[in-house]
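In TrEMBL this protein carries:
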type     : residues               : note
DOMAIN   : 13-159                 : domain 'Lactate/malate dehydrogenase N-terminal'
BINDING  : 49, 112, 136, 137, 138 : NAD(+) binding site
BINDING  : 99, 105, 138, 169      : substrate binding site
DOMAIN   : 163-337                : domain 'Lactate/malate dehydrogenase C-terminal'
ACT_SITE : 194                    : active site, proton acceptor
């Protein structure tokens, strides 16, 4: 039956930008194989990168062809936005300007505002209005906000940025500490910016400890670790991987992208939430409006909803406010470049 469905199902168009880069190299196989959008969903993969990367992109196309994947109907490599953004069902914006040595944060913001303004305008002009857009390229939250502001006719709810990698890191750290598999830990939260000010929060986490459900704090039984080294480990994990590998975390980033998009497509399990950078508008946590801020969300019918009303203690409040302040600062700087 699956094979019959596959033959007749309409393919969806999925764009990956920065497609010649190393995150994409770890990501494309999983998408093309059906791990993200479903085992019976044919896919047209659109691969966008800058002109100098086109020869590399040709090699990636060859490899995708050589995987002989039944769901992969077509691969379109391009350096043109009018080709890349046409009729999209999903856009995964991985490509961004990386921080170079000696570069000030505002220079990095300026360069990325230009990129994500162009891509937002291209989404507005060429993509379906139902497109789901995931921004991965850093600074992801602010890049996501700029893209959404540049595509006013696409609902703000259709834009999200990746904090699932941080979420997975937090989940895994707790699981290793307790000595259980990572799927025995649920409902950790990443609040705020995908930066070193993010706040990994275990106050509402639940751990299945050898068949018994208990709170994250009770299972770990080490408050000083949870309020200290645990937080800094998650916050600085990306830098630790770069230091060790001399390259950024691509395998784990690609896995997190797959998790994030699969949850948008198919929803979150009952009673579980995940972390995503989404548009802040009227929440119970006092987070300023008009930011892309990472919240706990539940997803149903491709629509996310912030999990409101969780109790927040003073420790958490301070950390949530600090990361919000950084995002407000980034946004205001970015908007001056946008000419808003």
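The backbone N, Cα and C atoms fix where each Cβ goes, and this holds for glycine too.
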The recorded positions listed are 105, 169, 194; by CA-CA distance, the one closest to residue 137 (NAD(+) binding site) is 194
Given the model, what does the mean pLDDT over the domain 'Lactate/malate dehydrogenase N-terminal' (13-159) come out as? 96
Sort the residues of the domain 'Lactate/malate dehydrogenase N-terminal' (13-159) into helix, strand and coil with DSSP and give the three counts. 67 helix, 27 strand, 53 coil
Of the recorded positions 136, 138, 194, within 10 Å of residue 99 (substrate binding site) (CA to CA), in sequence order, we find 138
Maximum Cα-Cα separation in Å among residues 99, 105, 138, 169, which the record lists as binding substrate: 25
Tell me which of the binding-site residues 112, 138, 169 ends up closest to residue 194 (active site, proton acceptor) in space, Cα to Cα. 138
Least buried of the recorded positions 99, 169, 194, going by other Cβ atoms within 10 Å? 99
Same-chain residues six or more away whose CB lies under 8 A from the CB of residue 136 (NAD(+) binding site)? 23, 92, 93, 94, 96, 161, 162, 253, 257
When a 10 Å sphere is centred on the Cβ of residue 137 (NAD(+) binding site), how many other Cβ atoms does it contain? 25
